[in-house]
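A.B. asks: Right, I'll just put the structure down here and ask away after.
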Amino acid sequence: MNVDTTSPQAPLAGVESKQDGASNEATAKAESTTHDQNESSSFDERPVHSALSERQRSALLAVASFAAAISPASTTTYYPAITTLANDLDVSITQINLSLPAYQIFQGLAPTVAAAFSDRFGRRPVYLVSLSINMAANLGLALQKNYASLMVLRCLQSSSSGGTVALGQAVMDDLITSEERGRYMAYLTLGLVMGPALGPLIGGLLSQYLGWRAIFWFLMILGGFFFLMVLTFFRETNRSIVGDGSVPPQKWNRSLVQIFRKDKLIANPESLAKKRISVNPLASIQILRNKENFIVCMYGALLFGGYASVISIFATQLEERYGYSQVQVGLCYLPFGVGSILSRWTAGKMIDWNFKREADKQGFKIVKNRQQDLSRYDIEKARLTVSFPMIFATCGFVVAYGWLMQYDTHVASVLVVVFLIANVFTGVLIANSALLNDLNPGNGAALGAAMNLTRCLMGAGGVAAVTPLINKIGIGYTATATAGVWVVTLPALYLVYSKGYTWRKAALEASSQDRRENPDVASGSP
């Protein structure tokens with residue numbers, strides 16, 4: 001009889017196998033836990049993005065925002081005085097209107113230079129120079145007596161104030177991480193939208209009671225006020241000069257508060273940017289050469305052009321349809337400002353919430369006040385998921401605004417819709433700007449110049465086209481056509497939503513492969 005001597009061993013082998021499996025599984029779990037702890041530790045060990053407190057950062061962004069408001073305010077305070085200016089300078093209203101697109105063209109071009117110098121020498125000195133030139137231009141405008149002087153000085157005024165918009169984007173990039181950009185971006189856009197909202201009211205009051213020259217005296221005083229604010233309180237934020245804010249800048253580049261009050265921050269030289277950026281006025285154009293940047297910038301500019309045309313014709317529509325005075329027209333612009341302010345608590349918080357929600361879905365860890373590497377995060381989905389509903393809402397509200405005006409409905413209904421347009425559109429602007437900042441870390445000034453260039457040129461076209469279009473087809477169909485253009489071109493933005501992350505990964509892999517194949521070039525060796 002044959003005896004199977006292996007039979008008794010079979011169960012033991014099975015037990016050993018199970019024990020080995022359990023042991024391996026436990027080891028794997030332990031290694032996984034250790035890996036997660038190490039990964040978490042690596043996130044926590046990343047340097048703090050800004051050594052400044054939340055209050056300090058908010059204050060700096062508030063100054064940057066209201067300094068940037070000088071640019072659009074210089075446009076809109078001018079609107080109520082157009083007829084008076086034409087009469088006093090003995091020229092046609094058409095000739096005076098030519099100064100509007102001229103202003104916007106220079107407003108778009110000048111920031112490319114301001115951005116380049118701020119990257120090299122710092123934000124603060126460029127603010128001070130820009131505001132000084134702006135004050136001089138407004139002084140000349142208040143004293144000038146002919147049309148040629150008006151055109152030249154308006155272009156100078158535009159060039160000096162336009163740079164402050166790009167500087168605001170640079171300050172945002174210096175201070176704020178991607179996780180917080182939604183709510184902080186609302187601070188930055190506040191001045192940009194408050195300028196158009198309050199400008200007509202202030203311009204109407206000054207023009208009606210003190211004459212058109214008072215508008216430029218007011219703008220000169222406003223520029224002087226912000227010059228003193230920057231001189232006294234605004235500290236340098238350029239990361240190649242002050243790092244996370246703890247490194248003292250050059251003595252000539254310190255605010256008066258820093259000079260007379262000792263800074264309690266402990267200097268961290270390791271937070272300084274690796275190299276000082278050279279002066280390159282074409283940096284903003286280079287940003288637009290990237291297809292993702294180009295699409296997002298151009299769609300944002302298209303939205304801005306439509307919004308600018310809505311603001312520009314609002315005054316004349318109120319005068320013609322409701323017989324309002326300049327002061328009443330100015331008061332009707334207040335819903336634009338209130339709606340924009342409230343976007344800080346509506347759209348801004350929603351954008352930050354969605355950033356965190358999408359990060360959790362993708363397994364992307366966020367650490368407060370640490371700027372994470374977004375190359376492995378689908379940031380396009382995080383930002384544009386919120387943008388699309390707000391874009392459709394903006395389209396709907398603009399159409400409603402046009403037809404309410406067309407049928408001369410009660411002004412209260414128009415003002416409610418105007419409030420909603422401002423609130424939702426500002427949210428789109430915040431999400432658009434946040435995405436572009438995320439895609440271009442460390443290039444805030446050049447990015448601001450690129451955004452300003454595309455928006456101002458599109459805005460100039462929109463403002464120039466809207467009045468003839470309304471005269472031909474009416475404000476209802478004009479508003480519908482504007483919203484239609486936004487909807488028809490929306491697939492371009494959806495392309496960024498669906499393909500943008502893939503494009504970035506491919507570009508990153510190509511860049512890594514190029515460095516491996518050309519190590520001498522990558523290291524800078526001759």
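Note: Cβ is positioned from N, Cα and C throughout, glycine not excepted.
According to Swiss-Prot, the protein has these features:
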COMPBIAS  32-49  compositional bias 'Basic and acidic residues'
CARBOHYD  N38  N-linked glycosylation site
CARBOHYD  N97  N-linked glycosylation site
CARBOHYD  N238  N-linked glycosylation site
CARBOHYD  N253  N-linked glycosylation site
REGION    1-49  region 'Disordered'
TRANSMEM  59-79  transmembrane segment
TRANSMEM  126-143  transmembrane segment
TRANSMEM  186-206  transmembrane segment
TRANSMEM  214-234  transmembrane segment
TRANSMEM  294-314  transmembrane segment
TRANSMEM  322-342  transmembrane segment
TRANSMEM  384-404  transmembrane segment
TRANSMEM  411-431  transmembrane segment
TRANSMEM  446-466  transmembrane segment
TRANSMEM  473-493  transmembrane segment
A.B. asks: Rank 59-79, 214-234, 294-314, 411-431, 446-466 by Cβ pairs under 8 Å to the transmembrane segment (186-206) and hand me the top one.
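C.D. replies: When the Cβ pairs under 8 Å are tallied, 59-79 comes out ahead.
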A.B. asks: Sorry to bug you, but what's the C-alpha spacing from N238 (N-linked glycosylation site) to N97 (N-linked glycosylation site), rounded to the closest Å?
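C.D. replies: Distance between the two Cα atoms comes out at 38 Å.
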A.B. asks: In whole Å, how far is N253 (N-linked glycosylation site) from N238 (N-linked glycosylation site) when you measure between their Cα atoms?
C.D. replies: 11
A.B. asks: Six or more residues beyond either end and a Cβ under 8 Å away: which residues meet both conditions relative to the transmembrane segment (126-143)?
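C.D. replies: 67, 70, 114, 117-118, 149-150, 153-154, 156-157, 159-161, 163-164, 167, 213, 216-217, 219-220, 223-224, 226-227, 230-231, 234.
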A.B. asks: Quick test of the contact rule: Cβ under 8 Å, at least six residues beyond the ends. What residues does that give for the transmembrane segment (384-404)?
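C.D. replies: 303, 306, 310, 347, 350-351, 354, 358, 413-414, 417-418, 420-421, 424-425, 427-428, 431-432, 435, 475-480, 482-483, 486-487, 490, 493-494, 496-497.
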A.B. asks: What residues elsewhere in the chain lie close to the transmembrane segment (446-466), defined as a C-beta under 8 angstroms and at least 6 residues from its ends?
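C.D. replies: For the transmembrane segment (446-466), the list is 100-101, 104-105, 107-109, 111-112, 114-116, 119, 162, 165-170, 173, 280, 283-288, 293, 297-298, 300-302, 304-306, 308-309, 312-313, 433, 436-437, 440, 478.
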A.B. asks: If you count other C-beta atoms within 10 angstroms, which of the glycosylation sites N97, N238, N253 is the most crowded?
C.D. replies: N238
A.B. asks: Out of 59-79, 214-234, 294-314, 411-431, which stretch touches the transmembrane segment (473-493) the most, going by CB pairs under 8 Å?
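C.D. replies: The stretch I would name here is 294-314.
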A.B. asks: So which of 59-79, 214-234, 411-431 has the most C-beta pairs under 8 Å when paired with the transmembrane segment (294-314)?
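C.D. replies: It is 411-431 that shares the most Cβ pairs under 8 Å with the transmembrane segment (294-314).
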